[in-house]
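**Student:** Okay, here's the structure, questions in a sec.
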């Protein structure tokens, strides 16, 4: 067996920590080894928040920390606390590639800063700029990812949730146009109590209001499914929950369909080509029931509606942290297998 790829995580917030936990929970340690975490926060806080998580519970692996050294399940991980890519000596840690979970960097130029310092590839855990080499959405285009793609984005949690569903409908019935409302749990860029923020809506207490926010989801769909350019629009609101997101999808089909036909196609795909990525349920569930669910998207078949044979409404759920972190891990594992180390 070849040695595991040596990777670094830059940014150890909600997604960075979920990614590391998913790596161990899924048994991927033999193919991917985290050797460095860069996070400006104190080392003690890094270890504490890895051990204890308000949404996902206690981490099942033993975690210890001494100075700027973290040990997870016996694996040693170095800690650094920089804010700039160039300030980190990636070569000294023999890093093969970086999973960037900062939410700050995301352009080709940012990726090149890593490559110039000996990193072979970089994977952004958030939507990249249009100039990145590739945006990978598992279940849709991951087979097109090659070793020549050096600067890669994993898209967003909402793109990963909705694009596989859109592709299933488009392949089966054809899509003329669509509109999406993302009903997203509160995030770190919101306020606990009213406080200043450049976005005036996000100056308001996250636990007290449903808050509209900007989204570029429609443009993300176009990047993955370019033949649907100009056919989708999206809005988003944040709601007073800490995790799990619902997506309200409305599409106009190119051919007639019934509720039963639509649900059958989605159910079949969840059991076949999209098993592990798309799930389907008809249980009377609520958002908390999808907490720590590893799927990109879960279609609630009880909420499927059809008007005039072609206007379709669907409700899809996702754990916007855990589901996305699992897809990030899938992409990282694929990149590790492709990359010489």
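Glycine residues also receive a Cβ, built from the backbone N, Cα and C atoms like all the rest.
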**Student:** Can you find which of 202, 267, 272 Swiss-Prot lists as binding substrate at the same site as 156, 157, 158, 215, 216, 238?
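**Tutor:** The record-listed residue among the candidates is 202.
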**Student:** Report, as a single number, how many Cβ atoms besides its own are within 10 Å of the Cβ of residue 156 (substrate binding site).
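**Tutor:** A 10 Å sphere around the Cβ of residue 156 (substrate binding site) contains 22 other Cβ atoms.
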**Student:** By CA distance, which of the recorded positions (156, 157, 215, 238) lies nearest to residue 320 (NAD(+) binding site)?
**Tutor:** 157
**Student:** Which of 158, 215, 320 has the fewest nearby Cβ atoms, counting only those within 10 Å, among these binding-site residues?
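**Tutor:** Output over binding-site residues 158, 215, 320: least Cβ neighbours within 10 Å is 215.
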**Student:** For residue 184 (site 'Activates thiol group during catalysis'), write down the residues of its own chain that are at least 6 apart in sequence and whose Cβ falls under 8 Å from its Cβ; none is a fine answer.
**Tutor:** 158, 213, 236, 237, 238, 239, 245, 320
**Student:** Taking only the residues the record lists as binding substrate, namely 156, 157, 158, 202, 215, 216, 238, what is the largest Cα to Cα distance between any two of them, in Å to the nearest whole number?
**Tutor:** 20
**Student:** If you count the C-beta atoms lying within 10 Å of each candidate's C-beta, which of the recorded positions 15, 157 ends up with the smallest number?
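**Tutor:** Selected from the recorded positions 15, 157 on minimum Cβ neighbours within 10 Å: 15.
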